[in-house]
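Chemist: Dropping a structure here in structure tokens format, bear with me for questions.
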Amino acid sequence: MESLRWREGILEILDQTRLPLTIEYVQSSDYLAVANAIKSMQVRGAPAIGSAAAFGYAMGAREHQNLPREQFLAEMQEVKQVLASTRPTAVNLFWALDRMEKKLLEVSHLQPAEIADILLEEAKAIHQEDLELNRRMGEYGQQLIPSGARILTHCNAGALATAGFGTALGVIRAAHAAGKQVQVYADETRPLLQGARLTAFELMQDGIPVTLITDNMAGYLMRRGMVDLVIVGADRITANGDVANKIGTYGLAVLAKENKIPFYVAAPYSTVDLTLASGDDIPIEERDPREITHICGQRIAPEGVKVFNPAFDITPNYLIDAIITEKGIIRKPYKVNLQKTYGEGAK
Ligand SMILES: CSC[C@H]1O[C@H](OP(=O)(O)O)[C@H](O)[C@@H]1O
């Protein structure tokens with residue numbers, strides 16, 4: 001099951017708002033449709049958002065390819081701005097758009113139609129690269145997974161959040177494939193239930209033992225010695241190793257520290273943002289109050305109740321035991337080791 005796929009000139013997006021009950025690919029015919037799919041979370045998950053935006057940018061180029069070059073280039077700035085305005089926290093969105101714009105500028109001397117073809121190939125390359133990175137990350141990360149491990153995870157950092165295989169779930173898949181008999185506790189992850197709807201779905205499809213719990217049960221399991229490690233994804237990792245991830249991640253990290261349980265983050269280079277010094281600098285998306293007052297369209301809270309709905313939180317670096325990447329396992333001191341791995345001049 002792919003979060004998105006390019007089929008005969010059309011971007012098909014798996015509508016994750018309808019999973020797991022309905023498996024439906026929606027066809028996005030233009031970049032505005034892709035922007036709406038990102039904003040409405042039909043496609044979600046940091047790397048998947050990056051891929052979708054890359055294809056959206058390429059589709060924008062195709063839509064405008066009959067314009068004179070100067071007008072074409074001007075329109076492409078609007079395309080980038082619309083896609084960049086969809087969600088603020090996952091840096092993969094901006095990483096992908098910057099990479100697409102860089103490619104555009106490299107070939108801006110060509111005819112718009114030629115540029116559009118080149119941009120489509122770049123979007124395909126971003127998508128394929130993410131899949132390859134996830135598999136590499138999985139191989140490195142599974143070295144941290146003892147046989148028989150009972151793993152707690154939060155939200156969905158699986159194939160549905162990426163171009164395939166997953167980041168945190170990619171590590172779990174690789175451990176399972178290596179014969180390590182892992183079992184997973186999946187936080188349901190209020191308010192949008194990515195854990196209940198997506199992670200449980202993915203792991204059951206793969207035959208990986210998964211038990212669904214509510215978010216407020218995590219502490220109970222950890223204190224009772226039912227969890228050997230926690231592994232989550234990320235939406236942005238800053239230069240000092242602070243991590244933005246789905247709301248509730250910070251609480252899990254505190255509970256893990258309190259119970260002396262290893263806490264791991266899995267993410268590719270496109271999630272690392274060395275331009276930000278710390279997690280305090282990461283914009284945190286606030287979403288529609290209806291995501292909290294309603295479930296499946298059914299009101300569960302009083303009309304008019306005040307709501308606060310931050311979609312992410314920040315886990316400070318001292319609570320993170322290792323960051324699993326496609327280049328290996330990164331440990332403290334994160335500022336030094338992230339710079340060494342991803343900074344200027346890194347190999
Ligand atoms: C592999 S990154 C997945 C990451 O994205 C999720 O957020 P959302 O579902 O709102 O896009 C969550 O933070 C996951 O850890």
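Glycine is treated like the rest: Cβ placed from N, Cα and C.
Given the structure is predicted, the values throughout are model-derived calculations rather than measurements.
As listed in TrEMBL for this protein:
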- Asp235: active site, proton donor (ACT_SITE)
- Arg44, Gly45, Ala46, Arg87, Gln194, Asn245, Lys246: substrate binding site (BINDING)
- Cys155: site 'Transition state stabilizer' (SITE)
Chemist: Find the one among the recorded positions Gly45, Ala46, Cys155 whose C-alpha lies closest to that of the residue listed as 'active site, proton donor'.
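Modeler: It is Ala46, whose Cα lies nearest.
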Chemist: Just the number: how many Å between the Cα atoms of Ala46 (substrate binding site) and Cys155 (site 'Transition state stabilizer')?
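Modeler: Between the Cα atoms of Ala46 (substrate binding site) and Cys155 (site 'Transition state stabilizer'), the distance comes to 12 Å.
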Chemist: For Arg44 (substrate binding site) and Cys155 (site 'Transition state stabilizer'), what Cα-Cα distance in Å is obtained after rounding to a whole number?
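Modeler: Taking the Cα atoms only, Arg44 (substrate binding site) lies 11 Å from Cys155 (site 'Transition state stabilizer').
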Chemist: How many Å lie between the Cα of Arg87 (substrate binding site) and the Cα of Cys155 (site 'Transition state stabilizer')?
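Modeler: That separation, Cα to Cα, works out to 17 Å.
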Chemist: Per DSSP, to which secondary structure element type does Gln194 (substrate binding site) belong, with helix, strand and coil as the options?
Modeler: helix
Chemist: For Asp235 (active site, proton donor), what is the tally of other C-beta atoms lying within 10 angstroms of its C-beta?
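Modeler: Taking all protein chains shown, Asp235 (active site, proton donor) has 31 Cβ neighbours within 10 Å.
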Chemist: Measuring Cβ to any atom of ligand 1 with a strict under-6 Å cutoff, which of the recorded positions Arg87, Cys155, Lys246 qualify?
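Modeler: Once distances to ligand 1 are taken from each Cβ, Cys155, Lys246 fall under 6 Å.
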Chemist: Of the residues named as substrate binders, Arg44, Gly45, Ala46, Arg87, Gln194, Asn245, Lys246, how far apart in Å are the Cα atoms of the most distant pair?
Modeler: 17
Chemist: What does DSSP say about Cys155 (site 'Transition state stabilizer'): helix, strand or coil?
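Modeler: Assignment for Cys155 (site 'Transition state stabilizer') reads coil.
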Chemist: Using DSSP with the three-state reduction, classify the residue listed as 'active site, proton donor' as helix, strand or coil.
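Modeler: Looking at the DSSP assignment, the residue listed as 'active site, proton donor' belongs to neither helix nor strand, so coil.
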Chemist: If one looks at the chain holding Asn245 (substrate binding site), which residues at least 6 apart in sequence have a CB under 8 angstroms from its CB?
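Modeler: The list for Asn245 (substrate binding site) reads His154, Cys155, Val232, Gly233, Ala234, Asp235, Val265, Phe312, Asp313, Thr315, given in order along the sequence.
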Chemist: Once the DSSP letters are reduced so that anything not helix or strand counts as coil, what is Lys246 (substrate binding site)?
Modeler: strand
